[in-house]
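Database features (TrEMBL):
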ACT_SITE  SER268  active site, nucleophile
BINDING   GLU192, ASP340, ASP343  Ca(2+) binding site
TRANSMEM  7-30  transmembrane segment
Amino acid sequence: MSKRRWYWLLSILLLPALIAIGAGGTLYWLGKRAEPSYSGTVALSGLARPVAVRFGPHAVPTIEASDLRDLVFAQGYVTASERMWQMDLLRRLGGGRLAELFGPEVVAVDRFFRTVGLPVEARRALKSMDDADRALLDAYAAGVNAYRDSARGRRPLEYLISGLEPAPWRPEDSLVIGTYMAWTQSFNARGELTFLRLARRIGPERARMLFPTDEGIAPPEVPPELLDYLATTSPVAASPASGFDIATLAPILDYPARLGLPTPTPASNAWLATGARTATGEALLANDPHLAFSMPGIWYELELIAPELHVAGVSLPGVPLVLIGHNADLAWGVTSVIADTQDIFIERPTADGLAVEREGRAPEPIQIRHETIDVRGGAAVDIAIRSTSRGVILNDILGEITGTLMDLSETGLDSELIALRQTHDAPDRAFQAVRGLCQARTLDEARAAGLNFRHVATNLMLAHRDGGIAWQMTGVLPQRGRSSGVFPVPGWLDAYDWQGEVPQSLNPSTINPTDGLIITANQRTIPVDYPVQVSNAWMSPHRAQRIAARLSASGPLTPASMAEIQSDRVSLQGRMMLTSLRRLESELRALDPDAWSIAETQLLDWDGAMDGASRPAAFAALLEPALFQALYGDELGADLSSLLSLSIVAYNPLQETLRTGESEFWDDVTTPEIETPATIWARALRSARTALDAHGDDVRLDQIRSVRFTHAFDRLPLLGDLFSVGPTGVGGGSDTVDVIKTRPQEPGKGLFGASTRFVATPADWHQTRGTLTLGQSGHRFSPYRTDQLDDWLAVQSHIWPWHGPDEVRTIGHLRLDPIDGPLAQPLSAPAARQP
């Protein structure tokens, strides 16, 4: 071959590689160009005086300003410089405006959030806000827009790839993000819809047994009128039915996770210790809120200093101030209460469809509001949102999936309407709560501030520098009539309607308990006979029980020992599996020696720890779905998936069966024989062994269980792997303190876990430590995008800044100067600082 022809051939062969290298190089250059500068001076319109920003390790900023307005302006600017794309998605998700970015595919999602009214709630909250708080939201929005204007031509890669531009930030955008995050902490409507589906398959009394409310507490009775109603409707067919129920809503509720955004996730841990419980007698607080895995993570870490305020902690991108953290006097953390703040009402429309029936009085007219969803690449969609005094009508949400308004005749619902009521009658005051916590000096001030969280029920955990500790439940609870809140109720009967709100003075709380400990991990936190109905859908108490055991065994607690407990991976559910097997040993040996041999070789020597390197832990992870299938699959069929999905947000029937050894579902109704517990366990053991063998020899838990930090581009070819992070093999389980929550039907897919971890030390704030899941930056090629991942996986942490990093640890000094404000002058000193 001639040299010339050889050169031509080589060029042809190398051309694709050269094009790929060129494209990759261009992408890298554009990505690096969009990253913020951590040093230098930037002149901005909207500031009154200069602001100093010092960046420490992991690019955590300490922002110092002469007044609160300039402080939150600078916070908006700095946060947007790292997280603009994420902030944009969050506001559009909560505001029902995703279709403006992603087109017709997401109209159903937008329709849902318009229907439940999150944008309306945000506007109401903004309208009810006083001038001082409104001014802070205005300042934050101005800071975000200052970044937006200064970054023209060097947008984050996501905007360049999608061809989009970020719209100007509005004050209500911050509130709609907070409103959406509050909504993700409401769960029980999903349970009520699941019951409705299962009741039409196996009957309401049998379905009721699948809804235990806590260890040893039977489900409440089904309302008799609901029994009568269900008796007149058609049963669900053996295959999944079409129509409106939890199967309809599930894709909509889970869709945000595809964009790397939060979805309803209930789990979190927090505990407080003081007095004789700690090595110094001072208070300590540990907290790890659990949210869906996303890229970037949901939190942004920072320190804020002004004469009126000094705080450090984690903020929610798009929202001013610090949501979880500490000021000079006290620290606060949060977990979800799992409060019952939603109810499903079945409404009977009149023949003309313009009203709904009310027994003993005239029909109630249906209210309608009209909205328009703008759609990228398509025609705008006009929607009519119907509501009654019982709540918004959910039926029409399906219209964007089927293309028509819903006909419910195939599901047994006939022409009834499904109304969702939530405790959102009065405007929320969440931003006032955040500001109040940031400026609180005493436990009482912090508790009072927390009660401004009206639309989200949280366990607010407080530790003061004087050694005091407190727990306050926030949120507003409904004052129900005859309803237990567990099952749907007939909307045509006024006796089941809400009778207003429970006074917040009755919200449970604890201050300085005599034993020096407070633990909240989504478990029941109140006595069964507490005068206020808080919830009938608590999560398993296993994490709280394990935390309590570790605290009791740890001796005088230190910050290090508190943090070490956050890494605990012992599964009490796993240990109950062992107890159940040993209880049935003689029967299993006689019935199926091979099944018992599987138990002996795979599980019985296990200590219950869901360690990543453990083979028994891998077997236990596969045994759980096998038990669900063996125990309930014969009766529930395809609807078993609905029960399994619900099991991640509430105490489930399998956990109660493992605890007691008793179940109404041991018999397989598809066979003539009467199955025993040993029969079901033998089937499950064999099934789990088959599933384990499919993964190869010597498989470990972290080889079958992983987490992926999902980016909005995750499902796009090539871009998904470029922008998302993982999969990364992990240990941990759904009921371990170091939680990795999975659906039982997908034991290998971690859905959510600790979104941040921190241990606060009020006696010396310089010793407070924490970590994020990934890092501070959302920019694809930033060195601070995933630099905390290794620490998160190893349950390690770094010092939170207090008075900023020292010069040795400072990576940059950034000065923000006003263009149109007063003449530049030195920064005024902040208020007296806690050493």
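Glycine residues also receive a Cβ, built from the backbone N, Cα and C atoms like all the rest.
When the Cα of the residue listed as 'active site, nucleophile' is compared against those of the binding-site residues GLU192, ASP340, ASP343, the shortest separation belongs to ASP340. Neighbours of the Ca(2+) site: apart from GLU192, ASP340, ASP343, residues of the same chain with C-beta atoms within 8 angstroms of the site's C-beta centroid are ASN188, ALA189, GLY191, THR341, GLN342, ILE344, SER483, GLY485, VAL486, PHE487, PRO488. According to its DSSP assignment, GLU192 (Ca(2+) binding site) is helical. Cβ-based neighbour count (10 Å, all protein chains) for ASP340 (Ca(2+) binding site) stands at 28. In the three-state DSSP reading, ASP343 (Ca(2+) binding site) counts as strand. All chains included, 23 other C-beta atoms sit within 10 angstroms of the C-beta of GLU192 (Ca(2+) binding site).
SER268 (active site, nucleophile) carries a strand DSSP state (E or B). Close to ASP343 (Ca(2+) binding site) in the fold, though at least 6 residues off in sequence, lie ASN188, ALA189, GLU192, GLY391, LEU420, ARG421, PRO478, ARG480, SER483, GLY485, PRO488, VAL489, TRP498, each with a CB less than 8 Å from its CB.
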